[in-house]
Each structure stands twice: as structure tokens, then as C-alpha cells.
Amino acid sequence: MLEGLRSPASPRAAASTSVAGSSGPAACPPPSPSAPRSPESPVPRRGGVRASVPQKLAETLSSQYGLIVFVAGLLLLLAWAVHAAGVGKSDLLCFLTALMLLQLLWMLWYVGRSSAHRRLFRLKDTHAGAGWLRGSITLFAVITIILGCLKIGYFIGFSECLSATEGVFPVMHAVHTLLQVYFLWGHAKDIIQSFKTLERFGVIHSVFTNLLLWANGVLNESKHQLNEHKERLITLGFGNITTVLDDHTPQCNCTPPTLCTAISHGIYYLYPFNIEYQILASTMLYVLWKNIGRKVDSHQHQKMQFKSDGVTVGAVLGLTALAATIAVVVVYLIHIGRSKTKSESALIMFYLYAITLLMLMGAAGLAGIRIYRIEEKSLDESKNPARKLDSDLLVGTASGSWLISWGSILAILCAEDHPRYTWYNLPYSILVMVEKYIQNLFIIESIHREPEKLSEDIRTLRVVTVCNGKPVASSCLKSGGVAGDVAPRGRDMPPAAKGNVCMREGCGKEEEKQEESSGGGSPSPVRLPRFLQGNAKRKVLRNIAAFLFLCNISLWIPPAFGCRPEYDNGLEEIVFGFEPWIIVVNLAMPFSIFYRMHAAASLFEVYCNI
């Protein structure tokens, strides 16, 4: 609120204000130094640092507990993947089931305690748990439950030679998914202020449980992709690479063979959605963990509004890219591995498609960054765990594809023989790094920019200040200046301000007439081109965000559904060795896939906030 619009802090200050007001028009003076502090100004507390020590200690202890659980689960996953003696799949599933059961007990306790105290006022983080994010996680959760049903059918078909844990695990996972989605819908925005130490351990346990379930899904899906990859390499002429399959199919026959084959194939096609669900759930729970005991200000986050007008160009281009992606993936999967000629043509087709799309995305990102640089608007640097996590995930997960791209570039430069398709791989690998670098800059700057609270069409506002019941000042505030901080809705104002502030439109016309008559008029510090003036700038940025959103979904589809040239071109395996390169790809590819989905989610938020 403006300093001149604040109500007097004391009767003495009010009396002095009324005297000043009778002498002539003047703004309300600020409160005297002897007056008590306003509620808006923070009061320094003695021992404030000591008060935060238990909170920091509990945060450190809970994070270490979560890391210990996560490392233990990763070791079990690794032991099962390398066929360690004495460690079977049933041991891994028992460990994951126990973690899910413990999380279920904690969530039931938290939901029960919250419903028992539902009449109490609870602080909320308006930035966390957005509606579109909860809708996305619900969609992925439904597909995850379908995946669990297929696993139960698979267990029934091979029940003669499978352990009981492989039947219990999908049932527990389905129950865990249902309750977790209900929990996130109702409590993702909570700022927990009671039982903080216990809640920290419960939330961080949930975070790393979902991360381990994510790692388990990634491992199962990677094993399936690796088996298909080994079968394809022989068609490209790489006969010196071993093709021994790492097969984990049961050693018994399924009662309906055709049904079991369909179920086993369907399971691996649904794994990408399950992987996205687990990582989204872990990120939402991590924000909840960071918000425990957090001090929040009274500023409320502006609600996002989805507007589809004026984005025809971006939507058409994005949908065209999406349709082209589906066609490329279908042709790629049909031709790859059939013969050497068809495999090479499929690789060249994919590289040409990806190079074109990445160049368009890079150009769109540079245009958006350029518009922001011309505008020179201030950035919002306030603390926000959800926004900070978004930025960290964008940069962190992009490093996965950067690792693969650098490996491909080195392999091309160091290889002795260069098949024709490898020269298309070189610009593709360079553009992957450049495009993600540009896109990260555009997204991070977009989510840190101050939202425009007033419409571009509203030029000015008249603000009348009343002190002690009498109007004493009248001034015109331009919407580009301080007027943007004045909320036009009375319900968002404090009671003192409601009676003392009157706002009305119409001052702008008088101001414009005076400026035209005088011929003065101060120039605006922002000098955008004419075609970006007013609402046109928003339309251009929305078209860029819509185009990038659809393109990121397009680039998520190929690696998620088996179109992975990093596996299939075979050149990297010759240079680095089969096992080292496969390890690099299996570690980096899940982060690259998640980057595209997370970037699409961030761009959707950017689109709604423009």
C-alpha cells in the first residue's frame, strides 16, 4: 500500500494531519517516530537466530534420513540389475512395499488430524500445487493404476512360478497411488506449523519413496529398451557387439499365451506415464517439505487464467510439429531393425526432423528473450520454494541430454569410420544443447517476472486520499507506475484503507489533454517496437509459449516410446565400448525425458501468467 494512503498510526498523528489538511492540499504525512510500528514493518526479535536452530536441525536430520533410505533402495536396485548373489526381485519388492506401507500410515494420520482440526485457520502457499499440476498428476495416476491392473493380470497368468510379492506389490502400489493423489489434492499447499519435526520425517520419507518407485520404473523400462536395442544392432552390421539378452521373463508358460503377450507389451508402453507420475509426486512433496515452518508474507499469488485467444499461429505450428512427431515415430519404429538400409534411412529421417524442430524452438526462445530484454521489467526475487525447484530441475535435468550430446560429438570426432547418418548426428547433438540452454533462459526469466496486475488498456487511475474524513489530496497515478500496486478490489484491502481510498477512471483523458496542450509529455523508459506495443506484446509471448509447450510434448514422445537414436546408431558403442555407453545412456535418458515434460509444464504456467 502507498505510504500516503496509510491511516494515521495514533490520534496525535491524526490531529496533526487534519491541521495540515486545512492549510491546503497535501498528502497524509507518515507516522511520527514515536508512534508504534505498523504491522507491515518487521520487528526485529532477539534470539531470532537461536529460534531457527531447531528448525534447521530437524530439516538436516530428516534429509539425511531420506538419503539413507534412498541409497539403500538404490543398492537393492543395482544388486537386482546385476544379478547379485542372494538378492532377488522379491527382496526389492518387499523393501518398496514396506516403504509404501509406512507412507500410507503417515498420510492417513495426517489426513485424520487435519480433518479433526479443519475449522482452524491454516496457512497456504498459493504458488504450490497449482490446479493444472494436480490435474496432470491425476491423469498420470489413472494410467499408473491401469498399469497396476496389467501387472496383476500378468501375475495371475504366471502365478505358478512367480513369488507372492509380485502380486502384492501392484495392489499396494495402486492403493498408494489413490491415497497419495487424494493427499496432494487436499494438502499440497499446506504450510505445516505443528508437529513440525514429525511431519518433516513423514514428508521426506514420502519424497524418497516416490523417487525409489521412479527408479524402479526407469530400470524396468530401460531393461526392455536394452533388449530391443541389442536385437537391432545386428541389422546395422555391428556384429562384434554382444547380443546376449538380459531376460527376466518367468520360466513357465502362461495359461492364455496371446493375452500374456499383449499384457507384457502393454506394461512397457505405460511405463513412461508411471515414471512421470512418480517424479511429479516427489517434486510436489518436496515443496511441501520445504514449506514446513516457513514464514509467509501476506502477498497472495495471482490466479492463473488460461486464455486461448490470439495464439492461432503458435498453436497451429505446435500442432503441426506434434503431428509430424507422431508420423516420424511410427515410421521410425517400423523401419528400424528391419534391414541396414531401412535402419539408416530411419535414422536420417529422425535427425532431419529433430534438427528442423530444434532450430525453430531456438529461434522462438531467442525472440522471447529479446522481447524481455527490450522491456527491461523488474524481476520478482522473493523466496518461493516451488519456483526455485522449477528452475533447479530445468537446469539439472537438462544436464542429462548434454552428457549424451557431448558423448555423441566426441564419438563422431574420434571414430575411424563414419557412416552417412553420423554427420546428421553432429548438428543434432549441438542443437540439443543450444536449444535447451536458450529455453531454460526464457522459462526462468518468465517465471521470475512480475505479473502485470492491470490491463494495458487502463491508462490512468484517479486516487483521492481522505484524512480524518476530509479529502486533502488528489493525484493521477499512471498505470505503469505506482498505480499497479493498488488493488482495485475492496475485499483485498485492509479495513482502514477501504474508507480512506477512492479510485475512479477518467483522469487519464484530462491528463492527456494537458500534455497535448503543453506539448511536454515525459517519454516512456520502455521503447518497444510499434508492432509490440500494448496487447500485441502479450500475444507474441503467448504464441511463443504455446509453440514451445507443444514442441516439448512432441520431443517427449520419441524417447518415451522407444525412438532413441542414441541406442540405435551404434557409433558411440564402437568408440566408448558397449557397456560404458549403455550405462551413460541409461543414467542420462530418464533425466532427458523428464526435462521435456517439466519444461512443458513450466511453459504452460508461463503461458497462463502472460
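Residue numbers in this text run from 1 along the chain shown.
Just so you know, glycine gets a Cβ as well, placed from its N, Cα and C.
What you are looking at is a predicted structure, and each value in this text was computed from that prediction instead of being measured.
Residues annotated as compositional bias 'Low complexity' in TrEMBL: 1-26.
Summarising the annotation, TrEMBL assigns compositional bias 'Pro residues' to 27-42.
Per TrEMBL, compositional bias 'Basic and acidic residues' is recorded for 507-516.
The region 'Disordered' annotation in TrEMBL covers 1-51 (among others).
Residues annotated as region 'Disordered' in TrEMBL: 507-528 (among others).
Beyond the ends of the transmembrane segment (65-86), by six or more residues, the same chain brings 92, 95-96, 99, 201, 204-205, 207-209, 211-212, 215-216, 219, 223 to within a C-beta distance below 8 angstroms of the stretch. Marked as transmembrane segment by TrEMBL: 65-86 (among others).
TrEMBL lists 92-111 (among others) with the feature transmembrane segment. For the transmembrane segment (92-111), the residues of the chain that approach it from at least six positions outside its boundaries are 69, 72-73, 76-77, 80, 165-166, 168-169, 172-173, 175-176, 179-180, 182-183, 186-187, 199, 202, 205-206, 209, 212-213, 216, judged by C-beta separation under 8 angstroms.
Only residues 6 or more beyond the boundaries of the transmembrane segment (132-156), in the same chain, are considered here, and those with a CB under 8 A from a CB of the stretch are 162, 166-167, 169-171, 173-174, 177-178, 180-181, 184-185, 188, 259-260, 263-264, 266-267, 270-271, 273-274, 276-277, 280-281, 284, 304, 601, 604-605, 608. What TrEMBL lists as transmembrane segment is 132-156 (among others).
Annotation comment: TrEMBL describes 168-185 (among others) as transmembrane segment.
Positions annotated as transmembrane segment by TrEMBL: 197-215 (among others).
Look at TrEMBL and you will find 268-289 (among others) tagged as transmembrane segment. Cβ atoms under 8 Å from those of the transmembrane segment (268-289) belong to residues 62, 125, 128-129, 133, 136-137, 140-141, 143-144, 146-147, 150, 177, 180, 184, 187-188, 190, 192, 200, 203-204, 206-208, 210-211, 213-214, 217-218, 220-221, 224, 385-386, 389, 393, 560-561, 590, 593-594, 597 of the same chain, restricted to positions at least 6 beyond its ends.
Residues or ranges marked as transmembrane segment by TrEMBL: 310-334 (among others).
Positions annotated as transmembrane segment by TrEMBL: 346-372 (among others).
Sequence annotations record features per position, and here TrEMBL assigns transmembrane segment to 540-562 (among others).
Positions annotated as transmembrane segment by TrEMBL: 574-595 (among others).
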Chain residues outside the transmembrane segment (346-372) and at least six past its termini with a C-beta under 8 angstroms from it: 317, 321, 324-325, 328, 331-332, 335-336, 420-421, 424-425, 427-428, 431-432, 434-435, 438-439, 441-442, 445-446, 449, 528, 532, 537, 540-541, 544-545, 547-548, 551, 554-555, 558, 563, 565, 568-569
